[in-house]
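Let me begin by presenting the structure, written as structure tokens, before commenting on it.
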């Protein structure tokens with residue numbers, strides 16, 4: 001999996017912009033910083049959830065934590081996309097990381113002084129959600145400015161790989177620090193991770209790509225223009241909506257897995273953690289497989305196949321009798337492999353098909369759809385599972401995801417995305433205003 005080019009031609013980004021000779025070293029530094037802050041944030045989030053669980057034992061309190069974490073992302077990400085397209089993305093990322101570090105450091109200090117409460121935790125997760133709402137669109141839209149087009153998929157899959165690893169290791173680190181040193185230690189780690197990301201970003205050169213039209217418009221007009229950039233590509237819009245619907249359908253599966261293990265298979269916490277571990281390993285395997293493939297062609301086919309596999313595995317999991325728990329674990333492992341094939345290919349398709357001066361807003365809209373859609377899907381799915389039973393819900397939900405995959409695969413506009421060139425829909429390169 002050699003990312004360096006063997007020819008003498010200089011590397012160029014998606015829009016034809018020349019890249020520095022040591023672009024890989026720069027991207028590696030940026031990604032290592034991103035890995036530090038993502039891992040530390042996940043550890044802190046898990047510690048926060050565990051604190052609320054331990055101190056209140058209230059499902060309503062936990063629900064408030066998740067709402068405060070997701071709602072800022074859902075509501076503010078479109079504005080975060082506007083900021084990404086109006087200002088230098090490197091500076092936006094640095095400001096967001098400094099904000100997250102300051103919040104974590106301040107909250108950690110308060111907790112170390114004995115001032116800890118549910119209200120403080122809600123402020124913490126809400127503030128971090130605000131930071132992510134502005135950071136994520138800038139980071140995702142900055143990558144095409146730093147990476148050659150042929151390597152975009154591999155770089156995007158590194159995010160999946162990090163998420164899979166963090167799913168396994170970050171909660172363990174978070175709970176270890178929480179129980180041995182204290183909650184404040186996890187927050188200080190979060191602050192350190194954000195500062196490490198800032199240090200790494202200092203090595204990057206990310207051009208500002210603000211068009212004159214964008215600079216002259218209001219924020220509301222910028223958001224509308226970003227939406228138009230998405231809807232004018234019917235295939236891309238259909239695929240984004242299909243993935244969002246799929247994630248809404250997947251959300252309840254993730255939250256109901258422990259209940260499925262306990263109520264249907266008669267398992268305990270150990271068996272539930274086994275399913276979680278197998279799921280993380282499956283995500284790792286799926287990410288590594290797609291990274292090794294490296295081919296950024298036929299990405300819509302990859303997403304469609306992933307939906308079909310996830311739907312089939314979920315349906316099978318719901319149909320299994322209570323005595324076949326090993327088969328259920330295997331089905332969830334297969335589903336996890338396919339779950340790794342959504343985000344990276346979708347990010348790559350967006351980065352290749354949306355003009356770079358509008359990409360931040362499109363990424364912001366996607367973050368908003370995910371940030372609002374996943375909690376909504378989880379709530380609706382939980383209510384449906386309460387009415388028809390968790391096993392029946394797995395069957396119904398799996399069939400729904402299968403249907404999404406079939407419909408998306410049959411749409412000519414979606415299939416045409418694989419044949420489209422990088423610049424078919426719009427002029428890809430905007431005027432660089434400043435470094």
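Placed from the backbone N, Cα and C atoms, the Cβ positions cover glycine too.
Positions annotated as domain 'Major facilitator superfamily (MFS) profile' by TrEMBL: 26-415.
Per TrEMBL, transmembrane segment is recorded for 23-48 (among others).
Here TrEMBL flags 60-80 (among others) as transmembrane segment. Long-range neighbours of the transmembrane segment (60-80) within the same chain, counting only residues 6 or more positions beyond its ends whose Cβ lies under 8 Å from a Cβ of the stretch, are 45, 48-49, 52-53, 118, 121-122, 125-126, 128-130, 132-138, 219, 223, 226, 360-361, 364-368, 370-372, 374-375.
Taken from TrEMBL, the feature transmembrane segment covers 92-114 (among others). Sequence-distant contacts of the transmembrane segment (92-114) (same chain, at least 6 residues past either end, Cβ-Cβ under 8 Å): 37, 41, 44, 83-84, 120, 123-124, 127-128, 130-132, 134-135, 138-139, 142, 182-188, 190-192, 194-195, 197-198, 201-202.
Residues or ranges marked as transmembrane segment by TrEMBL: 120-140 (among others). Beyond its flanks by at least six residues, the transmembrane segment (120-140) meets 34, 41, 44-45, 48, 51-52, 64-65, 68-73, 75-77, 79-81, 83-84, 89, 92-93, 95-97, 99-100, 103-104, 107, 110-111, 187, 347, 351, 359-361, 363-364, 367, 371 of its own chain at Cβ-Cβ distances under 8 Å.
According to TrEMBL, the transmembrane segment annotation covers 161-181 (among others).
Long-range contacts of the transmembrane segment (187-206) within its own chain (CB-CB distance under 8 A, at least 6 residues past either end) are made by residues 20, 26, 29-30, 32-34, 36-41, 43-44, 47, 88-90, 93-94, 97-98, 100-102, 104-105, 107-108, 111, 124, 142, 145-146, 173, 177, 435. The transmembrane segment annotation in TrEMBL covers 187-206 (among others).
Residues annotated as transmembrane segment in TrEMBL: 227-250 (among others).
With a threshold of 8 Å between CB atoms, the same-chain residues lying at least 6 positions outside the transmembrane segment (270-290) that come near it are 153, 157, 160-161, 163-165, 167-168, 257-258, 261-262, 302, 325, 328-329, 332-341, 344-345. Here TrEMBL flags 270-290 (among others) as transmembrane segment.
Residues of the same chain lying 6 or more positions beyond the ends of the transmembrane segment (302-321) and with a Cβ under 8 Å from any Cβ of it are 239, 242-243, 246, 250, 253, 260, 290, 327-328, 331-332, 334-335, 337-339, 341-342, 345-346, 391-406, 408-409, 414. Summarising the annotation, TrEMBL assigns transmembrane segment to 302-321 (among others).
With a threshold of 8 Å between CB atoms, the same-chain residues lying at least 6 positions outside the transmembrane segment (327-350) that come near it are 140, 152-153, 156-157, 159-160, 164, 236, 239-240, 243, 246-247, 250, 257, 260-261, 265, 274-275, 278-287, 289-290, 296, 299-300, 302-303, 305-307, 309-310, 313-314, 316-317, 320, 359, 362-363, 366, 417. Among the features that TrEMBL reports, transmembrane segment is placed at 327-350 (among others).
Remote same-chain residues near the transmembrane segment (362-384) are listed as 66-67, 70-82, 84, 133, 136-137, 140-141, 223, 226-227, 229-230, 240, 244-245, 247-256, 350, 354, 393, 396-397 (criterion: CB distance under 8 Å, separation of at least six residues from the stretch ends). If you look up TrEMBL, you'll see 362-384 (among others) marked as transmembrane segment.
The transmembrane segment annotation in TrEMBL covers 390-411 (among others). Among residues of the same chain six or more beyond the transmembrane segment (390-411), those with a C-beta under 8 A of the stretch's C-beta atoms are 235, 238-239, 242, 245-246, 249-250, 252-253, 256, 259-260, 263-264, 300-301, 303-308, 310-319, 381, 384.
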